[in-house]
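Annotated features in TrEMBL:
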type	residues	note
ACT_SITE	ASP141	active site
ACT_SITE	ASP342	active site
DOMAIN	123-455	domain 'Peptidase A1'
SIGNAL	1-19	signal peptide
Amino acid sequence: MALLLRLVALSLLLAVATPIRDITDACESQVKDFPHLNSSGLHLTLHHPRSPCSPAPLPSDLPFSAVLTHDDARIASLAARLAKTPSSRPTALLDESSSSSFPDESLASVPLGPGTSVGVGNYVTRMGLGTPAKSYVMVVDTGSSLTWLQCSPCVVSCHRQSGPVFNPKASSSYASVSCSAPQCSDLTSATLNPGACSNSNVCVYQASYGDSSFSVGYLSKDTVSLGSTSMPNFYYGCGQDNEGLFGRSAGLIGLARNKLSLLYQLAPTLGYSFSYCLPTASSSSGYLSIGSYNSGKYAYTPMVSSSLDDSLYFIKLTGITVAGKAISVSSSAYTSLPTIIDSGTVITRLPTAVYSALSKAVAAAMKGTPTAPAFSILDTCFQGQAARLRAPAVNMAFAGGAVLKLAARNLLVDVDSATTCLAFAPAQSAAIIGNTQQQTFSVVYDVKSNRIGFAAGGCS
């Protein structure tokens, strides 16, 4: 009875849900072609999660404190993932009668291990799936491996999304994946949860995220379409129980270093590299490019090997300057914690000693600017908006000579209409280079050459 009431309530919610508006003509006119991108790569448009031009925007009244709360959840989940801490969060796919060939049964209880929180900090793009192809709004995440999206009949639960839910029965190229397929075994490294097996011998995936969001469903394969490129037999998760904060996206594209990620599945055709430019909330769009790139425009830092998690992207931060002067901290402080670069974390986390030195240096450089009280996890705040304040030049240097030269928009983040804060916080178990600092830079992940590159002016 409880399940029946839940399903009825869900159906009523979906029936009365107000559809997300289409992108306005004004937004479409701002979507750019990026002439500096290599013509042989695959190029997709990226939107900021809080941009009004996003095809699945977050609520306009979402307070920035909520963004920070979920950002903290993502940090906590990354920490648990690095520590390989198990999770006790269970979910279920329950038997439902069906006359179709689509799988309709699975294990009754599936424990979920730690994952990475997604939602308010992640950028979105569009992905086509099926034959004929239908387009879906997807979160893009460098901290996740498995790509998944919501699928009808949503046996247990689907969150409200922009546009219709993918219907496997409408795709002539859809197929479920058996429990004996090697890709089912690969789920352990891709999601940190082993694949389960349904009563009809279909592989069940379980992807859990740090803010208690999760997706459970059937491992499947179909034709994926990205721009003008299509690839058959793409392995992904067809979600039947999807709960938590995913915005109004249909699902998630995983770009981590794992054989089930989109990057690795496309690599035989396009190569082991991708790049992006993350736009600001006020700009129209950025891009995600998969495949070859113009290598001469970047300054590079080596990817660092780590036994903590070989799917994440580790690099080495070597120094920070404020107004041309090195901050007052020992060089060993920078490497006291491992450093990850991540597309979905909003606020950069630094080793405590490094953060403290940066905070003091920025406050000293802005001593004529009226200060404001701390805001949530941000303790170095000023009255006004970042665009109207004289912020010092701050450079972040990495091994190999790559440097991020931060503009005010990369250094400060507006938390409300009258307050801006330093967009950094102290780290506990891992330093993370977040997306505020990456915005408007072109960032390339060259997995084959084991390097990450930065170039200014990426979104122009």
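Any Cβ shown, glycine's included, is placed from N, Cα and C.
The Cβ neighbour count for ASP141 (active site), using a 10 Å radius and every protein chain shown, is 25. Counting only the Cα atoms, the space from ASP141 (active site) to ASP342 (active site) is about 8 angstrom. Taking all protein chains in view, 25 other C-beta atoms sit within 10 angstroms of the C-beta of ASP342 (active site).
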